[in-house]
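The following features are taken from TrEMBL:
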| type | residues | note |
| --- | --- | --- |
| TRANSMEM | A:12-30 | transmembrane segment |
| TRANSMEM | A:37-54 | transmembrane segment |
| TRANSMEM | A:60-83 | transmembrane segment |
| TRANSMEM | A:95-113 | transmembrane segment |
| TRANSMEM | A:142-159 | transmembrane segment |
| TRANSMEM | A:188-211 | transmembrane segment |
| TRANSMEM | A:223-250 | transmembrane segment |
| TRANSMEM | A:257-278 | transmembrane segment |
Amino acid sequence: MSTVVLLACTGLGLGALYFLVASGLSLIFGLMDVLNFAHGALLSVGAYAAWWAATDGGTGFWLAVVFGTVVGTAASVLLELALIRPLYVRPRDQILATVGVGLALPALLMGVWGSDARPFPQPAALSGTVGLLGATVPVNRFVLMAAALAVLVALRLFLARTRYGLIVRAGVEDRAMVTALGIDVRRAFTLVFAIGGAAASLGGALAGLYFGSVNPSQGTGLLIFAFVVVVMGGMGSVTGAAVASVGVGLVQQFANYYTAAGLGDLSVVVLLAVLLLVKPRGLTGRLA
Amino acid sequence: MSLLTVRDLRVVIDGLHILHGVELDVAATGVTALLGRNGAGKTTTVRAVMGLVPRTGTVTFDGADITGLPTHQVVRRGIGYAPEDRGVFAQLSVAENLRLAERDPDPAYDLVFELFPELKQRHRQAAGTLSGGQQQMVAIARTLLNGNRLVIADEPTKGLAPKIVTEVADVLARAAESVPVLLVEQNLALVRRIAGRCAVLADGRTAHQGDARALLADEDAARRLLGVGSHQPETTAPEGSSR
């Protein structure tokens, strides 16, 4: 029983991490048809910025997380304005540009700080464990779950209650028609990149807590599973991404433990294939 | 004096020449009809005016050259656009569809709900679950919410039941009392009823401009330009999309 609880909590923590990456990825693809292969690199930027603030900067953990999120958000906005925006009329070049940034940023991090994992300072309050149903679960699992839940609630409120949220939901359906109502949809593009970058870099900062260290290829590794989550959840659906994240995280953890290590990653891909065969449009039935 | 003037409008999409020099003058009052057989380039013409497809030539609106403007800025000059496929956001509610179209600080909801009381009743309903006629009402309502100086309606009666066609026609006729309308239409009975001037496209060019009723009364010209005898517009009008 205690093993099941621990695996479930670890799976949910990992799912939370996937959601932080996938939510932005899903919104960006749903609204703009941009496959942002640089999204994992944004996570790494957030992770390294937070790590730098917590070690060299000497700030506390929470301030480091905020700093990492701000830097990642800024990087994401810069990416949209400088590279994605001029290429909207050339979608193929746009994909290549994001692939390039997705390779270059981790290489840059590696060049500056080396390829070895750097230990991420754990605050005392979050490095302990709690007893839950007989299992000893690290606190950081719950921190990730809480962060993902907060981001999910905030995103849903943004989409449901604000004018820009309305523009994003409409844009996911029919971007051209949004402009034909007199709305400059490019502002929504930049905003969605900012939101996606913020969520991913928050995920990066918290990934340091979850894995105990940061390394340059962390983001790219997580990105693959985030893409699986986005396809499963339905492009452009934040709630779909949340459900799929939980599913992927849990399946991966349980399969890795009860079968051979590494089979968990494979089982996720199998899960995706089965889902696409049964429900070609993803969980939410939307192919935006 | 025309409100909207189109000169030598050309559109090439994927190497295909769709428009080869369209000329169009939209009168500053009443309904101007844009006619032509299917595939003549009517929808492409209005999409080009809106900046939704790459185009060359000159589009002048109220004396200003708007050819190079992006779509949202064309709209902000005061052009309301109800597209051929209605452009209604299926996942959004009726209220959200209307709210998205708000540009003026004081949108004309009174007018819209007076014309379409149904939309008020169905405020919270997802627009995708509306009937075709109701979706068309949403599309037209969005153009009437703001104080537009021109409304462009692309085949607003396409695919609608005859009773709804009459309803939509009444609304367009009433709207045209206060705002000029450019109406793309295949329903010649409707054109005869509400249009003043007309332009006829054929193979991506303007084949004729003049008074709408005079054209429809001239059986030879109507058959030559529109492929129909004007006395039997419904039975011989070709079917399908007019892209």
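In case you wondered, yes, glycine gets a Cβ from its N, Cα and C as well.
At the 8 Å Cβ threshold, with sequence separation of at least 6, the transmembrane segment (A:60-83) comes into contact with the transmembrane segment (A:188-211) through 3 or more pairs. Put simply, of A:37-54, A:95-113, A:188-211, A:257-278, the stretch with the most CB pairs closer than 8 A to the transmembrane segment (A:142-159) is A:188-211.
Long-range contacts of the transmembrane segment (A:95-113) within the same chain: residues 34-42, 44-45, 48, 79, 83-84, 87, 216-217, 219-220, 223, each at least 6 residues beyond the stretch ends and with a Cβ under 8 Å from a Cβ of the stretch. Take the transmembrane segment (A:223-250) and the stretches A:12-30, A:37-54, A:188-211, A:257-278: counting Cβ pairs under 8 Å, A:12-30 has the most.
The listed stretches are A:37-54, A:188-211, A:257-278; of these, A:188-211 has the most Cβ pairs under 8 Å to the transmembrane segment (A:12-30).
Distant neighbours of the transmembrane segment (A:188-211): 13-14, 17, 20-21, 23-25, 27-28, 31-32, 36, 39-40, 42-51, 61, 64-65, 68-69, 71-77, 79-81, 84-85, 120, 122, 126, 140-141, 143-144, 147, 151, 155, 158, 164, 167-168, 171, 178, 218-219, 222; these residues of the same chain sit at least 6 beyond its ends, with a Cβ under 8 Å from one of its Cβ atoms.
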